[in-house]
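Q: Below is the structure I would like to discuss, written out as structure tokens.
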């Protein structure tokens, strides 16, 4: 966890690599994923860089692999395996040339097979259409009433016994209506059209889609009309086929067509088998090829960021590297040079820079979800304290205060366990929403565990209570008194055994009519106490940042007045809550310490802020202990002193420093450490304004943020009451009958009750509590110390590159 407390220390390094070893060296760095390269050629066009031609070669290989993948998908019978778990190694230059040649050969082979298959399918479709034309037209020509039908349409019959001319063909069913109208218009009704529907749909060889067509025969008279009919057929993409006049010639032609179709089917089957064998062999290699080409392309894109010296014998590169990983980078450079047998070694130099380094927090699958919550607010400034380390505990705990129920927490726990135990299988689902939900599986697991803990403290299981350790209260009324009165009061001085319930709330409170009043008071105070502790911890974290960045003046000028103001007022209010719980009791001989004399902490705090007093009741005292009034005045005065201290001390300190520098004739100011705010270039007026805004924001936020933590009480109360209402109005229906019918009713109402419980109480209420917890961390906690002005460390990594491509 030490690595999470603060981001990794980064170093700017300069790499000097020989051109022949550059490819292999960068490949080794890509496998490690520990170097974020800077673009030293930002002013040079991408097309004018050294390795642009190599990138184009990679893009051409990507195009070929994409074509192969589309052909495999079009085939439908061959499946491409998923990305291998073990990422293949980066090939050397010779292997890239071999891969390029293999892709070229494979593409040409698939193209040739596809073209041959397309030509065969086209020929098969034409022969099938011709067969249907010969079969359907046999009926048309056997009809002797063609001339009479032509006359009936309004046209002129053939004179002198001349036979009618005709054309036969096939047309798409969607174009038939327009085709008929056009023939009618161009012939002025002198065409007789017969048509028949094909029973089986044909397959278009170009698209592979099913096409429904019709066979037609158009009878007409004269060569001029024949020419017009053919033009109309061409315009409507109708296929015309030769059809003999004599019946025996048609029969002979039909037999020949059927023989050719059978032979063509055999050839098509052999061609399809050959194509399928080729695609099956290629499909196994496609994922590996894609990974290799992506890695090679990424290497050359990275090499384009390097600068070439004047002699073109060395490449210069700059990169941010974690200081702890410098030795790994040196080892990678040595391995790259050794892989190509370079006699000249590569060099690594650490260079000084004024640029702010990137922020790099090492995470694992457990901590990554919590780190993402923090980075959604803003990337941490370089080397400032990382809130994610503490969020691992505080986030699920504050969530559980609002969601405290042993049963609902168990449901969250089971959900989290399911995602954790089967994470390898569930991680294969790459949907964006699911990945967002799945990435927080360990957060859900901890939220379930903490919710079960707070549910045990609240003694709440699906709105019901448990009496495990025995209640400290006893009922001393007789049976008749109990049966005749709906409500009876228990006197703590008589009916309470002074034995505190061993853990959590006493179960008898869940049966009391004043349960809500008691729980309201308890949870409200609890919310304020945890909120003040949380904010004090946030202010203390600013001390850690001040010390690390050597801003020791901020400790005296900012941290001390901030922590004093928070402790003297709000931590004192929490102290009064604890003192009230401990000092006042029903079992005591002192009248002023009995429950009736216990003052309201809120009223006492308001009177303290306004310097007011309140007349106590008889036998009671206004204050909880002697000297409290004097102590409160001291706290108020010190708290008021903190306001001008916070407002004016730092600007006057900066003014004093500037005067000292002017007297010492300092020409250049000392550089500010990373993560700090420099004020050397700002006029004093802006510094005073900035400090005034900062002071007002902090003073007001201590009040508003303290009140904001009351959401812990409000959501906890709402969750408990909604759970009780759901149990009373739904599940309780099955408990009203003590016969066998009641057992059936319990089974019936259990399902809507469970659905509503999971959907509303666990789903919607859980999401609401999650968002409120997130707000408490972002605003109330992190605003006390977290700047979030950094930028993320994005190293050149093959693993990250492939994961990003897979997500897209």
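Positions of Cβ are set from backbone N, Cα and C atoms, glycine also.
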Q: Between 740-762, 763-785, 786-808, which stretch does TrEMBL give the note transmembrane segment?
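A: Per TrEMBL, the stretch marked transmembrane segment is 740-762.
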Q: Of the ranges 467-489, 559-581, 651-673, which one does TrEMBL flag as transmembrane segment?
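A: Going through 467-489, 559-581, 651-673 one by one, TrEMBL flags 559-581 as transmembrane segment.
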Q: Among 593-611, 612-630, 688-706, indicate the range for which TrEMBL gives the feature transmembrane segment.
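A: Among 593-611, 612-630, 688-706, the range TrEMBL annotates as transmembrane segment is 593-611.
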Q: Would you say the transmembrane segment (559-581) and the transmembrane segment (631-649) are in contact under the rule of three or more C-beta pairs closer than 8 Å, pairs 6 or more apart in sequence?
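A: Yes, these stretches are in contact.
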Q: Would you mind listing the long-range same-chain contacts of the coiled coil (96-123), meaning Cβ under 8 Å and 6+ residues beyond its ends?
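A: Residues packing against the coiled coil (96-123) from afar: 57, 61, 64-65, 67-68, 71, 203, 205-206, 264, 267-268, 271-272, 274-275, 278-279, 282, 289, 292-293, 296.
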Q: Averaged across the coiled coil (96-123), what pLDDT does the model get? Just tell me the whole number, please.
A: 88
Q: Among 397-421, 433-456, 526-544, which stretch has the most Cβ pairs under 8 Å to the transmembrane segment (712-734)?
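A: Stretch with maximum Cβ contacts: 397-421.
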Q: Give the one range among 397-421, 526-544, 559-581 whose Cβ atoms make the most pairs under 8 Å with those of the transmembrane segment (433-456).
A: 397-421
